[in-house]
Amino acid sequence: MSLFGTNTGFGSGGTGVFGSTTTDSHNPMKDVEVTSPPDDSISCLAFSPPTMPGNFLIGGSWANDVRCWEVQDNGQTVPKAQQMHTGPVLDVCWSDDGSKVFTASCDKTAKMWDLNSNQAIQIAQHEGPIRTIHWIKAPNYSCIMTGSWDKTLKFWDTRSPNPMMSLQMPERCYCADVVYPMAVVATAERGLIVYQLENQPSEFRRIESPLKHQHRCVAIFKDKQSKPTGFALGSIEGRVAIHYINPPNPAKDNFTFKCHRSNGTNTATPQDIYAVNAISFHPVHGTLATVGSDGRFSFWDKDARTKLKTSEQLDQPITACCFNHNGNIFAYASSYDWSKGHEYYNPQKKNYIFLRNAAEELKPRNKK
């Protein structure tokens with residue numbers, strides 16, 4: 001029996017509709033609270049692809065679980081199912097047809113979760129925790145790409161226990177993104193590698209990092225023809241780099257900007273600087289969202305090089321974000337990211353996932 005259309009909720013929790021009136025410090029933007037969030041820090045979020053009717057949200061957490069919610073048209077969320085790993089879940093993704101979800105964990109395995117049967121099977125194995133997982137749909141092949149702290153990038157046919165290909169990286173994989181035919185992987189020690197995926201995956205170029213501090217997140221952006229043309233890279237130093245792969249004028253087209261900083265404005269009063277935890281591009285407008293350890297999200301227009309909006313400050317960091325397939329819903333997760341160490345961890349604090357109506361706020365600035 002399909003899970004879609006049945007309510008197999010896993011507990012109770014608060015929810016609402018767009019425009020609810022709560023004013024708690026955990027939800028200063030008055031956004032919709034997703035029902036039954038995970039019991040530990042939320043590491044990743046992913047919305048279902050456009051091939052699926054409706055909107056389904058997947059979230060992975062440090063409680064070793066992956067959860068699925070249906071997001072109804074009125075903003076209500078219905079818990080559908082969950083699966084477990086034996087270690088924290090670090091990344092999730094969907095197959096292009098929406099029938100499968102893929103999960104990557106610190107337990108050194110990746111799993112394929114069939115949502116119709118609610119069965120999950122192991123499809124990948126590394127010698128270290130798996131940090132990233134992406135579905136690749138090429139004209140001549142489809143596979144899963146996993147990036148690990150064992151310094152390898154592996155490509156898996158889900159029907160085979162052995163990888164189709166294994167590529168060595170100079171360092172541990174910290175973040176990655178895929179928009180066919182491009183993949184970008186950022187590693188420890190500020191490594192940055194672009195891969196081309198046509199015919200078969202291969203290393204295309206190593207790039208000197210435009211950022212001076214540890215890489216935290218990366219997201220590929222597209223041109224007006226929907227072809228991947230560059231990426232945004234976020235670091236722990238409250239900064240994002242916009243980098244084109246083949247820009248007409250590299251010195252002019254590539255740039256960095258500061259974000260997720262507060263207080264001080266000059267050298268006499270230093271700024272508080274926070275990590276950029278996630279970056280997500282709007283699927284229609286090409287604008288982007290960043291979320292940070294400062295507990296804020298911001299929306300940006302990279303082409304106009306301007307900020308569109310910054311949220312009020314939540315009472316804990318924002319650890320993950322994503323847009324649904326048509327860009328109408330922005331999901332973001334609020335939970336502790338351990339950026340201030342164990343002494344700032346409060347086990348009494350709940351974790352939250354919020355949904356925001358993003359149809360208007362992400363529209364690019366009008367060109368004058």
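The backbone N, Cα and C atoms fix where each Cβ goes, and this holds for glycine too.
Residues or ranges marked as region 'Disordered' by Swiss-Prot: 15-37.
The repeat 'WD 1' feature in Swiss-Prot is assigned to 37-79. With DSSP classes pooled into helix, strand and coil, the tally for the repeat 'WD 1' (37-79) is 0 helix, 23 strand, 20 coil.
What Swiss-Prot records for 125-157 is repeat 'WD 3'. Each residue of the repeat 'WD 3' (125-157) gets a DSSP state, and the totals for helix, strand and coil are 0 helix, 21 strand, 12 coil.
Counting residue by residue with DSSP, the repeat 'WD 4' (168-206) contains 3 helix, 24 strand, 12 coil. Residues or ranges marked as repeat 'WD 4' by Swiss-Prot: 168-206.
In the predicted model, the repeat 'WD 7' (310-346) shows an average pLDDT of 95. Summarising the annotation, Swiss-Prot assigns repeat 'WD 7' to 310-346.
Most Cβ pairs under 8 Å with the repeat 'WD 3' (125-157) belong to 168-206, among the candidate stretches 37-79, 168-206, 310-346.
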